[in-house]
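What TrEMBL records for this protein:
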DOMAIN    34-292  domain 'G-protein coupled receptors family 1 profile'
TRANSMEM  22-42  transmembrane segment
TRANSMEM  54-76  transmembrane segment
TRANSMEM  96-116  transmembrane segment
TRANSMEM  137-161  transmembrane segment
TRANSMEM  181-201  transmembrane segment
TRANSMEM  244-265  transmembrane segment
TRANSMEM  277-294  transmembrane segment
């Protein structure tokens with residue numbers, strides 16, 4: 001099956017010889033329940049006043065699809081053997097549905113990140129000149145097209161069902177595992193790019209970290225970093241990269257550490273678990289930082305510009321904050337605040 005998928009869907013999967021008993025469907029139910037809970041928790045705790053984006057709509061669609069899979073597994077697990085609309089459902093369909101979802105999730109990493117990158121590159125430096133209703137319809141259309149394309153890529157391969165039928169006939173209590181090459185490659189790319197940026201700006205990062213102070217701003221604790229502005233274009237981009245790194249790692253450092261561990265250990269994580277809302281928001285922040293850095297000279301200093309990321313505040317990377325309560329001796333130049 002791996003060879004067939006490699007020919008039809010660009011070799012996005014590795015087939016794991018290790019199989020799990022289908023009787024562990026209870027464990028699968030618990031895993032999906034935990035994933036759905038985490039998905040909706042992230043959607044709930046994110047900032048609400050955020051500008052609409054393709055990634056935001058895709059995260060909502062992913063959470064809904066995970067919930068639909070959870071409900072399907074739950075009903076099949078509870079009733080075990082029943083007929084609906086002339087179709088008989090058994091525990092075998094738990095494996096079937098999970099594998100279809102896994103295969104579909106695995107082929108969507110590249111297209112989703114590509115569309116999100118283009119979206120931010122074209123919209124990050126400007127305020128809305130296009131009607132919001134039209135923008136929302138465009139994002140919904142893009143999300144629907146991507147999901148249809150993903151499922152079509154998988155469902156057009158008859159060998160997917162033939163292979164699962166064969167395995168079910170030989171051993172009805174086993175279910176194959178699949179991992180996505182796309183997810184692993186994206187994780188490695190993010191780790192390498194972040195590490196390269198840290199290496200290039202190591203002196204600036206260390207200097208800013210040594211000047212960190214905890215202050216109160218708008219009734220919330222924030223971190224204040226002393227920084228000196230540069231007028232030179234090259235120095236400005238280098239300084240901006242330092243600020244972006246501190247903002248990004250200040251929020252997602254544990255996730256970056258997790259990606260480093262995953263990259264080195266290389267565990268086979270099922271594709272239905274690899275694509276989740278926290279992971280998408282992590283990639284979302286990374287793509288926004290890249291877009292800010294690439295189009296730094298075109299960014300318009302408006303409130304709408306900063307309401308792009310649901311979890312990271314990028315405002316003070318471009319608009320340094322000067323606290324009136326800060327002593328003059330404590331300010332060598334500009335003060336940058338990272339919330």
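Here the Cβ of each residue, glycine as well, is placed from N, Cα and C on the backbone.
Counting Cβ pairs closer than 8 Å and at least 6 residues apart in sequence, the transmembrane segment (137-161) and the transmembrane segment (181-201) reach fewer than three and form no contact. Below 8 A, the CB atoms of the transmembrane segment (54-76) and the transmembrane segment (244-265) form no more than two pairs separated by six or more positions in the chain, fewer than 3 in all. Below 8 angstroms of C-beta separation, residues 38-39, 42-43, 46, 53, 55, 58-59, 62-63, 112-113, 116-117, 120-121, 124, 186, 190, 194, 237, 240-241, 244-245, 247-248, 251-252, 255, 308-312, 314, 317-318 of the same chain, each at least six residues beyond the ends of the transmembrane segment (277-294), sit close to that stretch.
Mean model confidence for the domain 'G-protein coupled receptors family 1 profile' (34-292) is a pLDDT of 81.
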